[in-house]
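Down below is the structure, laid out as structure tokens.
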Amino acid sequence: MKALEGIKVLDFTHVQSGPTCTQLLAWLGADVIKVERAGVGDATRQQLVDKPGADSLYFTMLNHNKRSLELNTKSDEGKEVLTRLVETCDVLVENFAPGALDRMGFGWENIQKINPRMIMASVKGFGPGRYEDCKVYENVAQCAGGSASTTGWRDDRPMVTGAQIGDSGTGLHLAFGILAALFQREKSGRGQRVLAAMQDGVLNLCRVKLRDQQRLAAGPLDEYSQFGEGIEFGDSVPRAGNDSGGGQPGRILKCKGWETDPNAYTYFITQAAVWKHVCDVIGKPEWKDDPDYATPKARLPRLNEIFEAIEAWTMTKTKFEVMDICNPLDIPVGPILSMKEIAEDPDLRKTGTIVEVDHPQRGKYLTVGCPVKLSDSPVEVSRSPLLGEHTVEILEGVLGYSGADLDRIVGSGAVGKVGAVAAE
Ligand SMILES: CC(C)(COP(=O)(O)OP(=O)(O)OC[C@H]1O[C@@H](n2cnc3c(N)ncnc32)[C@H](O)[C@@H]1OP(=O)(O)O)[C@@H](O)C(=O)NCCC(=O)NCCS
């Protein structure tokens, strides 16, 4: 049995943010029915194509464990099928541009009329306010949510991060809202609206920077490198390079091989509790009792000098040797792992975090499995559906169409070209 067994999801999502959410629900055991534009499908099927004629990795890696139904929701028959889906499903997830669902005739009021138990979950770029009508993509959300202004180097322009905190991050936020709404429905018997705005999701992940914004009123942020360098603070949180976000100073330092390997680096945190171990490891035992270095406060104005000394040591070791030496001493370090190293990591393969999946069009590829492990609801990652692969199966098995009624829907063209898909 799976945690969400019996829950049916009308997956009206596309691109990344919404599909991330519904993929998680599918992994937890929900029956996720992805409704795609007839003959077209989710635009990402054809984006960043590496194998012509095959669904892209962009699509396959975000749509595992789902079923695909082609549907033109703007035709009469399409609206009829969509209405039946709303009647039958527990959750509708969508990330259309603001207003698109209303224009389709399936706004919240109508959804409630059709199925008062329906949970309608949406990703939008912004919550209610002056930008609510805007279409939003990942990097726009990173900029609007405070990530870009606080990422990068102080004397350079704002920077976006490679982690998809606007898209995948918001999908994750939406999933937890949906689970809470499902739980509440058990008691109330009613569905509700769940909204995850990308700006809000990014800001939630940038919480510590809003903390620092308020701390600025009390004086300079003394754990930021610029404090030690004597550079004045302005009136908003500056970019802090690779400084750690907590009160324990940390930096990214070169390791053996950095001249040729762009990822021969380690993160190194000079945690106060293990300062004496740090001094021993880097060959500076005299710093343990020297009043200029012995306390965190004394070290703050000397961080550049201290990290130079630590780096002189890390440069004599590989990033993995640094880990092997520091870990037993509880000195927090972390090798900078390349995507190649992560893809080949045997532990991640064993836990199902990196999974190899077989696909009829593209053969074997790697994906990221479910990042959360439930002991009673194990996840088996199965490949993403081909466009319209389950159209008839869903019309018959989920919506109860048969005989002349089924022929009418199929004949109308509202569900694309049935039979055009050869799966395996
Ligand atoms: C991502 C985004 C910018 C893309 O915008 P877009 O390409 O214009 O796509 P839309 O979502 O507006 O949908 C386009 C149209 O397709 C229509 N459509 C979608 N599925 C359909 C279907 N199965 N049958 C018929 N029409 C369909 C919509 O109704 C809409 O039509 P309309 O504009 O005439 O009302 C936009 O969807 C958005 O801002 N989403 C919310 C934020 C978000 O999730 N962003 C991150 C994406 S990773």
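Backbone N, Cα and C define each Cβ position, glycine as well.
Pulled from TrEMBL:
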- 16-17, Arg37, 71-74, 95-97, Arg103, 135-138: CoA binding site (BINDING)
- Asp167: active site, nucleophile (ACT_SITE)
- Gly246, Gly247, Gln248: substrate binding site (BINDING)
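Sequence features, as recorded in TrEMBL, placed on the structure.
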residue: Gln16; record: CoA binding site; Cβ within 10 Å: 24
residue: Arg37; record: CoA binding site; Cβ within 10 Å: 17
residue: Asn72; record: CoA binding site; Cβ within 10 Å: 20
residue: Lys74; record: CoA binding site; Cβ within 10 Å: 14
residue: Phe96; record: CoA binding site; Cβ within 10 Å: 18
residue: Arg103; record: CoA binding site; Cβ within 10 Å: 11
residue: Val136; record: CoA binding site; Cβ within 10 Å: 24
residue: Glu138; record: CoA binding site; Cβ within 10 Å: 22
residue: Asp167; record: active site, nucleophile; Cβ within 10 Å: 27
residue: Gln248; record: substrate binding site; Cβ within 10 Å: 15
Any further residue of that chain within 8 Å (Cβ to the Cβ centroid of Gly246, Gly247, Gln248) of the recorded substrate site: Glu223, Ser244, Gly245, Pro249, Gly250, Ile269, Gln271
Proximal but sequence-remote residues of the same chain as Gly247 (substrate binding site) (Cβ under 8 Å, at least 6 apart): Glu223, Pro296
Out of Gly246, Gly247, Gln248, which binding-site residues have CB atoms lying under 6 Å from ligand 1? none
Recorded positions near Gln16 (CoA binding site), in sequence order, restricted to Asp167, Gly246, Gln248 and a 10 Å Cα cut-off: Asp167
Excluding near sequence neighbours, so keeping only residues 6 or more apart in the same chain, what lies with its CB under 8 A of Gly246 (substrate binding site)? Val208, Glu223
Compute the C-alpha separation of Asn72 (CoA binding site) from Gln248 (substrate binding site), stating it in Å without decimals. 55
